[in-house]
Amino acid sequence: MTDKDVTNILVVGIGGQGVMTAAEILAQTAIVQGFDVKKTEVAGMAQRGGVVSSHVRFGPKVLSPKIVTGTADILVGFEAAEAMRWSDHLRPEGVAMVNTLRLEPPVVSLGLYDYPEDPIGAMREAGVNVYAFDAGAIALELGDLRLVNTVMLGAIADHLPFPAEVLEEQIVARFRARKPKLVTANEQAFARGRAAARAAGRAEAATA
Amino acid sequence: MNAVVQAVAETRHLLSGNEAVARAVWEAGVKVAAAYPGTPSTEILENIALYPDVYSEWAVNEKVSIEVAIGASIMGARAFCAMKHVGMNVASDAFMTQTLAGVVGGLVIVVTDDVGLSSSQNEQDSRYWGRFGHMPILEPADSQEAYEMVKGAFALSEELNSPVIVRMTTRVCHVKAMVTVGERETHEPAGFEKDPARWVLTPAAARARIPWMFERDGKLREFAEASALNRIVEGGDRRVGFLTSGPAAMHVQEAFPDAPLFKLGFSCPAPIGRIRAFAGTVERLVVVEEGEPLLEQELKAAGIDCHGKDILPRMGEMGPDVLLPAVKPLLGEPWEAPVGHRRQSLFPRPPTMCVACPHLGPYFTLSRLRNVIISGDIGCYTLGAGHPWNALDTTISMGASMGVALGMDKGRGATDGKKAVVAVIGDSTFLHMGMQGLLDITYNRGNVTVLLLDNRAVGMTGGQDHAGTGRDIHGEEAPRVDFVKLVQALGVKPERTHVVDPYELPTLFKVLRQETKIEEPSVIITNQPCVLIDDYEKHQPYKVVDEACTGCGNCLDVGCPAIFVTRRDKAVKPSGKEVDLAFVRIETAACTGCNLCVETCAPDAIVHAAPTHSVKFQ
């Protein structure tokens, strides 16, 4: 059975969205905090618009790199339907942090399959604790869609077993050396994501 | 990419198994390393290339990569090559002789198995090569072990006078875990020593080596019995004990933390004596193998009672979620899965070609041709079998499109008499294994039209360079093969050789129609780069004028993932026939302005849009 001391974070989305980078930053932060870490993903064909999932596990000692269905503490969904696809991996009290972006694949455009009307509603109906907001809009407001990554990490910052500042520092440090211009944008993205998640949490509590 | 090229000894880093292997190769004092890219092995050579004191190269295929490593080993240098499981099939001709000749400088081959088939045409178990080639197999379970075993494998190779295979799986290659690194050792090549009785494997010489190899087999067995790489992880609950290797060992420990576990690191030849002793200490022995029931059969042949594939699945990963429900019933404890949330049923999201991919035009064109049989190849070309093109009839293995097409042509029956046979292959794939097939087509006067889709990259694995790109593994300028001259040298007539821009649909149609009607070998080479490499040039993006869109859906048949349906409707034609309409929009942020959809749009509803923020999703 999964060790309760191990934190399981599942980051999901679509090839090219930055899912793996987000997972990498989470893993690096856990190292800084002195945890043993394992991180794995399904790559390869997934880079061609397929489903990408990255498992991040950390704790005093991590054995298997895979998160067993029903044991994830946090699900970070970069796209609404992908969050829905993976929601069975969350434990009952787990948190799903979801970007409301809808990305329809060609099989939907071609009329072969339907994209769910309301993926987030479907997750809530299944009893999932969902925090949903438009991370893309925040990123674009700040000037670059690529900031979605940082927005999503900011959003889960209150739910991690280490201080938000440690995670923020890991993100910002990446830019400080190579692209100092992006430091402020990432700090803002992190703060905005954190605030958006809190607001989403309050809205959730109000409707519950 | 975390190469830890600069990392100092005794520091800890989060490394993938592949990055850990690269570091180990460098530390072991390796002089020569070669590979052909293939998931999940690709990043090994990409990372070795970052260490300036190792000669590294992309070879044209795995057989050549192992030949390069063999040559270096004969000179006394430590040598390395990496490949995916199917690559080992290609390399096996050279490998099966080398195992007989042995090594001078340590020769290590990492073979990566795609357990669970994330991106391969089959799932195969590379542990068999150890039995087939009478040589050791090492099996790391995580990055630290991959690092240690690869580093140690060079010394082992020299000591046992044998190449060594390190078998890894996706869950070692692509899992990042903590690794403590060390320092580089120096190993100056001993220099070439003439010894034709050993290196010239004539029947007489090879025959003389076989008893020597059997003698080595005995030594390998002794080594396996004594090796510290084979170790027992004690456990208090002796109702069931496990025998396993690789990442499955981690899964077993996760699922059954109190059970005794015999973990094989030096797994071929199997240490049967120690396994027998271990089996005697537990009530039941369960063999957990990712792949074939190889150990299980060896154990049963040795009279050791065990469970294995009678309770476990024959394919895929042996994660805790698989192990628990299979093994708990043995203990009389029914397994209840963790209560999570219910599984949601949803559309599939299969991999597809990228926005503006230069292969969209050729596959769109092929999907419009009647009476053709299309022999496909591996890599991005396989995606042409998907929607909307459905333009592939076969995919067997790398380079096989050529020979299969010739066989289809020669083997056709009366009902297929008039069908044209088209073979589709990529640039790197053609250089890897396609050239010989094309030569067979021209030599044997086959009636095959070949589409050589040159996108100047090994696209599927991430755009690596090869002999047709003009760059080497370091991105430095390198000689670039001339595909026109090459195919003509292989016997294709100049008038049957065409170079076509894949974004010019009318030309593509015309040339393809013409060549499929002519009954001799022809080659159509396309000439636009992969959208994922730096050579690709973006143009002004497009948008759809809503009022002008008639909903014909022609643009959707191109298969570009930047085109989305906004609304569906039905209309009745004057003939009374009902047709489906699909009104579209273009995701301008993703569009690169390749112009393909514009060419299919009858009402000219697609026009240039002002550029917006660029988005990388496909």
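Here the Cβ of each residue, glycine as well, is placed from N, Cα and C on the backbone.
With a cut-off of 8 Å between Cβ atoms, the residues of this chain six or more beyond the domain '4Fe-4S ferredoxin-type' (B:540-570) that come close are 352-357, 360-361, 363-364, 367, 387-389, 578-598, 600-609, 611-612, 618. For B:540-570 (among others), the entry in TrEMBL reads domain '4Fe-4S ferredoxin-type'.
Under a cutoff of 8 A between CB atoms, and with a sequence separation of 6+ in the same chain, the neighbours of B:CYS552 ([4Fe-4S] cluster 1 binding site) are B:LEU581, B:ALA602, B:PRO603. Positions annotated as [4Fe-4S] cluster 1 binding site by TrEMBL: B:CYS549, B:CYS552, B:CYS555, B:CYS601.
Look at TrEMBL and you will find B:CYS560, B:CYS591, B:CYS594, B:CYS597 tagged as [4Fe-4S] cluster 2 binding site. Neighbour density for B:CYS597 ([4Fe-4S] cluster 2 binding site): within 10 A of its CB lie 26 other CB atoms from the protein chains shown.
Counting only same-chain residues 6+ beyond the ends of the domain '4Fe-4S ferredoxin-type' (B:582-611), those with a CB under 8 A from a CB of the stretch are 355-356, 360-361, 364, 503, 505-506, 531, 536, 538-546, 548-558, 560-569, 617-618. Summarising the annotation, TrEMBL assigns domain '4Fe-4S ferredoxin-type' to B:582-611 (among others).
Taking the C-alpha atom of B:CYS549 ([4Fe-4S] cluster 1 binding site) as reference, the shortest distance to any of the binding-site residues B:CYS560, B:CYS591, B:CYS594, B:CYS597 belongs to B:CYS597. Cβ proximity to the [4Fe-4S] cluster 1 site centre (mean Cβ of B:CYS549, B:CYS552, B:CYS555, B:CYS601, cutoff 8 Å) flags the following additional same-chain residues: B:VAL544, B:THR550, B:GLY551, B:GLY553, B:ASN554, B:VAL584, B:CYS597, B:THR600, B:ALA602, B:PRO603, B:ALA605, B:ILE606. Neighbouring residues of the recorded [4Fe-4S] cluster 2 site, listed in sequence order and excluding B:CYS560, B:CYS591, B:CYS594, B:CYS597, comprise B:VAL355, B:ALA356, B:LEU360, B:TYR542, B:VAL558, B:ALA562, B:ILE563, B:ILE586, B:THR592, B:GLY593, B:ASN595, B:LEU596, B:VAL598 (Cβ within 8 Å of the Cβ centroid). It is B:CYS591 that, of the binding-site residues B:CYS549, B:CYS591, has its Cβ surrounded by the most other Cβ atoms within 10 Å. Around the Cβ of B:CYS555 ([4Fe-4S] cluster 1 binding site), 24 further Cβ atoms fall within 10 Å across all displayed protein chains.
Around B:CYS601 ([4Fe-4S] cluster 1 binding site), a 10 Å sphere centred on its CB holds 21 further CB atoms from the protein chains shown. Here the Cβ of B:CYS594 ([4Fe-4S] cluster 2 binding site) has 26 other Cβ atoms within 10 Å, regardless of which shown protein chain they belong to.
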